[in-house]
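Following: one structure in structure tokens, then a few remarks.
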Amino acid sequence: MKRLLLVKYASEIFLKGLNKGKFEKKLKDNIKNILKDVQYNFVMDQGRWFIECSDIEKGIEKLKSVFGVWEICVVDEVEADMEKIKEQSLKNALESKGSTFKVLTKRADKSFPGTSMEVSREIGAYILQNVPNLSVDIKNPDFFVNIEIRNKAYVYSKKIKAVGGMPYGTNGNTLLMLSGGIDSPVAGYMMARRGVQLNCIYFHSHPYTSERAKEKVKELAGILKGYTGNINLYITPFTEIQMQIIEKCRKDELTIIMRRFMMRIACIIADKYNINSVTTGESIGQVASQTMEGLVVSNQAADRPVFRPLIAMDKVDIMEVAREIGTYETSILPYEDCCTIFVPKHPKTKPRLQEIIKSEENLDIDVLVEEAVCDTEFLSI
């Protein structure tokens with residue numbers, strides 16, 4: 001008997017037609033990359049992906065975070081022989097918790113005697129004969145004994161849910177506006193889960209935001225890296241722009257004008273590094289600048305798609321995802337970001353584009369943006 005991990009990938013990949021092979025290859029490459037510090041062997045059996053791993057538990061923990069993997073099963077490989085399958089199925093039943101079970105059989109090898117239903121009945125009868133306190137429940141069992149008969153037979157009961165989604169790196173790229181808050185890391189995670197490659201930009205307002213605030217953002221990027229691999233982080237100085245806006249624009253327009261500057265800078269950085277889009281952690285109506293009118297005015301400053309994956313999510317739901325992915329505790333550390341230090345008491349919630357453009361005429365937009373882009377620091381996380 002050999003213990004393996006059966007990797008099941010997202011059903012969406014099956015729907016990719018002629019492109020299915022491209023998605024499978026990318027997922028396989030991502031799996032190999034995340035297992036590079038674990039001794040393993042990739043085994044293919046009639047379209048199924050099995051991984052022989054030196055450390056099963058470590059392998060499970062790593063594979064759970066691979067986008068595109070939706071389930072991991074701990075399987076025992078035996079010879080495709082009915083007696084061997086019976087013995088292993090009985091062991092699985094004895095190791096499982098519960099008083100009811102169901103046997104599910106898949107015969108990829110149609111030369112194996114009997115139908116799938118007949119094999120399930122025979123295995124179920126054998127388990128009942130040897131474990132009298134168990135009973136069969138075909139509708140709502142406490143546990144399953146799963147059997148797949150291929151070149152070998154694979155028996156398993158333990159299934160671990162993974163992150164699902166699409167293989168990372170199969171759906172273009174984006175530049176995430178990463179602040180130190182709760183929302184933006186979750187937005188980045190959700191885009192990455194759909195296969196979008198992440199790059200991040202952070203706007204730093206020294207000395208009003210501390211070096212510790214910058215370190216906090218690096219830590220958040222590092223947590224996201226656990227799901228994606230290396231991330232490019234661009235750190236843009238934003239103090240001079242904020243000072244100019246405060247000095248020359250109306251106080252109730254500060255936030256929306258700052259957001260428009262961020263959009264301009266993000267788009268120029270994106271263009272410079274061949275990044276297709278921009279992503280933000282904005283949610284409709286969550287704060288004053290995230291009204292429908294505010295988002296429309298912000299968007300007007302962008303020259304490429306701006307994605308907002310949290311747009312219809314409640315704050316409680318966003319916080320729940322942040323806890324699940326491991327960013328929440330870092331996000332709530334008490335360090336200010338550039339969007340919170342100069343917030344006006346009564347920000348404009350329904351800005352009008354022409355009024356904002358008129359206010360911006362007091363600023364040398366091109367010079368301010370160019371200087372910020374030129375002084376942007378690059379880090380590989």
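In case you wondered, yes, glycine gets a Cβ from its N, Cα and C as well.
Per Swiss-Prot, the feature ATP binding site maps to Met177, Leu178, Tyr202, Phe203, Arg259, Gly281, Gln290; the stated evidence is sequence analysis. DSSP gives Leu178 (ATP binding site) a coil state; it is part of no helix or strand.
Annotation source Swiss-Prot lists domain 'THUMP' at 57-160, citing sequence analysis. Over the domain 'THUMP' (57-160), the average per-residue pLDDT in this prediction is 96.
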Sparsest-packed among the binding-site residues, when each Cβ's other Cβ atoms within 10 Å are tallied, from Met177, Leu178: Met177
DSSP-derived structure type at Phe203 (ATP binding site), helix or strand or else coil: strand
The domain 'THUMP' (57-160): DSSP-derived helix, strand, coil residue counts: 36 helix, 35 strand, 33 coil
